[in-house]
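Visitor: The annotation domain 'Cytochrome oxidase subunit I profile' is assigned in TrEMBL to B:31-541. Feature annotation from TrEMBL assigns region 'Disordered' to B:1-25. Look at TrEMBL and you will find B:49-70, B:90-111, B:132-152, B:172-200, B:212-240, B:272-291, B:298-317, B:323-346, B:367-389, B:401-425, B:437-458, B:478-501 tagged as transmembrane segment.
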Amino acid sequence: MRKMLVLAALMASVTGLSRAARAAGWNMPVGVTEVSRDVYGLHMVIFWICVIIGVIVFGIMFYSLFRYRRSKGAQAAHFHEHTTVEVFWTAIPLLILVAMAIPATATLKDMYDASEAELDVMVTGHQWRWHYHYMGEDITFFSNLDTPREQIDGTAEKGENYLLEVDQPLVLPVGRKVRLLMTSSDVIHSWWVPDLAVKKDAVPGFVNEAWTRIDEPGIYRGQCAELCGKDHAFMPVVVQAMEQEAFDTWLAERKQEAAAAASGVDREWKLEELVERGEKVYGSICASCHQADGQGTPPTFPALAGNQAMMDDLDWHIDVVVNGVSGSAMAAFSGTLNPVDLAAVITYERNAWGNETGDVVQPAEIQALIDP
Amino acid sequence: MAPNLPPKAPLEHSQSVAGSPAAHEEEHHYRSGPLRWLLTTNHKEIGTLYLIFSLSMFLIGGVMALVVRLELFQPGLQMVQPEFFNQMTTMHGLIMVFGAVMPAFVGLANWMVPLQIGAPDMALPRLNNFSFWLLPIAFTLLLATLLMPGGGPNFGWTFYAPLSTTYAPPSTTFFIFALHMAGISSILGAINIIATILNLRAPGMRLMDMTLFVWTWLITAFLLIAVMPVLAGVITMMLLDINFGTSFFNAAGGGDPVLFQHLFWFFGHPEVYIMILPAFGIVSVIVPTFARKRLFGYASMVYATASIAILSFLVWAHHMFAVGLPLVAELFFMYTTMLIAVPTGVKVFNWITTLFRGSITFETPMLFALAFIVLFTIGGFSGLMLAIAPADFQYHDTYFVVAHFHYVLVPGAVFSIMAAVYYWLPKWTGHYPDERIGRWHFWLSVIGVNLLFFPMHFAGLAGMPRRIPDYALQFADFNMASSIGGFLFGFSQLLFVWVIVKCVRGGAKAPAKAWEGASDLEWTLPSPAPLHTFETPPDLRGFKFH
């Protein structure tokens with residue numbers, strides 16, 4: 001039985017490894033920036049240093065184990081120290097390390113020089129999505145996981161970019177130095193795209209800096225790298241790099257869309273309109289904690305369905321959504337959602353899952369609250 | 001590779017130094033029944049309690065790892081939900097670090113330090129009892145958090161704020177209390193070990209005459225006393241943030257989440273050496289025994305251990321290369337981290353030179369010690385790669401890191417503990433462990449552990465972050481291999497339990513000097529070692545050590 005288990009494990013491992021061998025991706029990607037190529041170079045140099053040392057050290061070890069077996073009549077020698085040898089094997093590794101530290105220092109200095117950037121993007125981590133703000137361009141949007149729930153649960157076949165696809169990627173121009181400013185609205189996240197060799201923590205209360213200059217147009221995928229709660233695995237980073245002209249066109253289109261989306265603050269909205277829009281906002285922003293059915297996951301994330309305190313006190317409800325709850329996981333959404341979306345989602349929450357208050361919150365009310 | 005068990009080694013100076021066995025018989029008026037174990041102040045019984053506790057925690061933590069590996073067998077969510085997955089990874093880490101590896105080393109120290117320095121017991125026997133019994137209480141409480149509303153700790157064993165404070169489940173306060181108790185237990189245990197080593201050495205045994213196991217534990221104990229209070233401090237700050245409205249780590253209140261990481265890793269990095277230095281000591285004792293040759297470079301081994309301990313206070317921020325440290329800090333911590341490779345290399349070179357021109361046999365303890373040398377060194381290589389800060393931006397928080405620290409902790413620290421158990425079981429029980437099952441256990445563990453952890457290097461380099469319950473399709477093959485290896489390794493440990501139980505119940509009788517090449521003081525005592533030993537200290541003045 002034990003033999004069969006070993007055999008099965010060995011066969012499974014051999015077939016598993018050969019399949020993996022055929023697929024690409026055993027090593028760090030070379031990437032598409034100068035920095036990522038430097039990093040790859042450092043990685044390979046230190047790797048080969050380790051391999052060479054390993055071959056020598058393990059070679060001597062296995063030679064000794066084989067050659068000096070007592071079963072072959074080996075008699076133990078009596079030496080037990082040798083100053084010259086000990087100085088030698090202290091000094092040589094030291095020299096190797098110094099030789100390694102020099103190029104590593106140069107690359108690190110380069111990675112830290114975010115000066116003279118031509119475009120600044122503010123990257124804000126949220127549980128569990130990224131928010132991008134093109135500084136000075138007035139363009140902001142959330143980037144949500146776009147993999148359908150059915151694929152995760154296994155009721156639908158998984159797509160090619162399973163868990164590495166988003167509804168709106170971060171679009172960047174090629175050949176220009178882009179500075180990325182990282183922060184977080186809740187816990188610590190980490191923004192990582194292997195092909196750019198950029199990984200930087202997004203820490204609440206801090207603004208971290210990183211930069212990249214992408215050489216080739218393309219789509220580069222990464223993930224949040226710092227454990228940030230239950231959906232840590234479900235907040236990918238996707239960067240779409242395009243030529244300058246295409247980027248400019250995209251930028252102009254985005255501005256128009258943003259203006260259209262934010263319009264309508266002044267007009268009177270009907271209940272059905274707000275509920276329809278609010279359902280979408282709720283699905284992409286709120287449902288990850290409070291669940292699509294409004295049941296939440298108490299005690300951490302309270303239920304909204306049948307929440308009497310919420311239904312009784314409209315002003316409190318608005319305050320919680322707009323300003324967050326200090327000392328809890330509930331973030332303030334006034335900075336990331338426009339007044340129409342805020343009004344819509346609050347109205348939706350008051351009229352969904354059997355919460356039949358009939359209350360309608362107008363975008364103008366929210367606007368007045370945020371920007372009196 | 002037949003085991004070379006010596007027929008009957010002569011008792012060297014045990015009869016003259018250990019007192020006559022008959023003298024002990026009348027003193028055996030200890031309690032019987034469960035109260036005996038609850039109230040015992042005997043270092044051997046407390047050592048046994050520690051080891052049994054550690055083995056139980058190893059199995060519980062291992063089951064949690066298997067839940068993780070089961071979920072990761074294939075992409076998609078099949079077995080558990082992310083909330084529970086995060087509790088499993090967190091509890092697995094906490095239990096293995098604080099409940100399995102550390103208590104195992106303390107248990108070995110309890111048993112073997114007095115025997116190796118010729119002391120009658122630990123210096124502070126009642127304290128010893130207290131430090132042990134804190135542990136079952138602490139870990140019962142910690143495990144109980146899994147049943148509380150909102151679940152147990154789910155923020156990783158490193159419990160970074162504010163995920164572990166503002167955003168943590170309500171049970172976190174219990175987690176803090178449990179960790180406080182485990183920390184107090186460690187500090188008291190460390191005080192006891194230092195007091196024992198510095199005060200109770202047999203006459204004539206100087207510090208530089210001690211075995212490497214005693215030396216590494218002395219240094220480890222100082223590390224524990226230095227850093228466990230830092231851990232206590234940081235979890236107390238968490239407690240205040242959660243329950244008393246302070247904002248140490250809450251940015252919205254003017255606090256600093258990065259401060260948490262500095263404090264945690266100022267504890268955490270020495271902590272990883274706390275889990276490896278005694279392993280170095282064990283291997284430095286076992287390798288000479290089965291190579292039948294004195295340890296090469298005894299003095300440089302001691303100095304290397306001390307250097308590693310001192311350097312361990314100067315490298316903590318290499319765990320934080322991606323957190324946004326200034327350039328100067330990155331460079332400083334990169335250089336100091338690379339420097340650690342030098343004394344660590346010295347140790348590996350010394351072990352291999354000890355093997356060189358020896359007369360080597362391959363009993364189970366030796367097999368585990370040799371596997372330790374190879375596989376720990378592989379973990380050391382990936383550690384050196386991680387030290388290169390620019391490359392670390394790619395490795396950081398990926399499975400490459402998971403592979404690295406599991407290589408140094410599992411075929412590193414855990415294999416050394418297994419080697420120690422096989423090595424000293426004859427002294428503890430008076431019987432040799434079953435060599436055939438021991439070898440099965442060894443080979444299945446070695447194959448399992450490599451199949452489990454080696455593919456993780458590739459998964460990490462290919463871009464798989466750690467601590468995720470579901471992953472992209474290109475990581476599927478690596479994870480499947482790891483999961484198969486995990487189950488192989490996990491179930492092989494049942495053989496370990498079997499060997500131990502079998503050995504306690506019977507087996508080939510072991511003489512006082514159970515291993516032909518063994519030379520340390522414990523082998524002068526009869527096997528099994530009587531409950532009370534060295535009541536009259538052996539006079540070692542003029543004795544030629546090493």
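Positions of Cβ are set from backbone N, Cα and C atoms, glycine also.
Just so it is clear, the model here is predicted, and its values are computed rather than measured.
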Visitor: Would you kindly check B:132-152, B:172-200, B:272-291, B:323-346, B:367-389 and say which stretch has the most C-beta pairs under 8 angstroms to the transmembrane segment (B:212-240)?
Guide: B:172-200
Visitor: Hey, which bits of the same chain come close to the transmembrane segment (B:272-291), Cβ under 8 Å, at least six residues off its ends?
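Guide: Result: 97, 101-102, 105, 108-109, 211-217, 219-220, 223-224, 227, 301, 305, 308-309, 312, 347, 350-351, 354-355, 358-363, 365-366, 369-370, 372-373, 376, 405, 408-409, 412-413, 416-417, 419-420, 423, 515, 517-520.
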Visitor: With a Cβ cut-off under 8 Å, give me the same-chain residues at least six positions beyond the ends of the transmembrane segment (B:298-317) that come close to it.
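Guide: Counting only partners 6 or more residues beyond its ends, the transmembrane segment (B:298-317) has Cβ contacts under 8 Å with 208, 212, 215-216, 219-220, 222-223, 226, 262, 265-266, 268-270, 272-273, 277, 280-281, 284, 325, 329-330, 333, 336-337, 339-340, 342-344, 346-347, 350, 546.
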Visitor: Looking only at the domain 'Cytochrome oxidase subunit I profile' (B:31-541), report the model's average pLDDT.
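Guide: Averaging the confidence scores along the domain 'Cytochrome oxidase subunit I profile' (B:31-541) gives 95.
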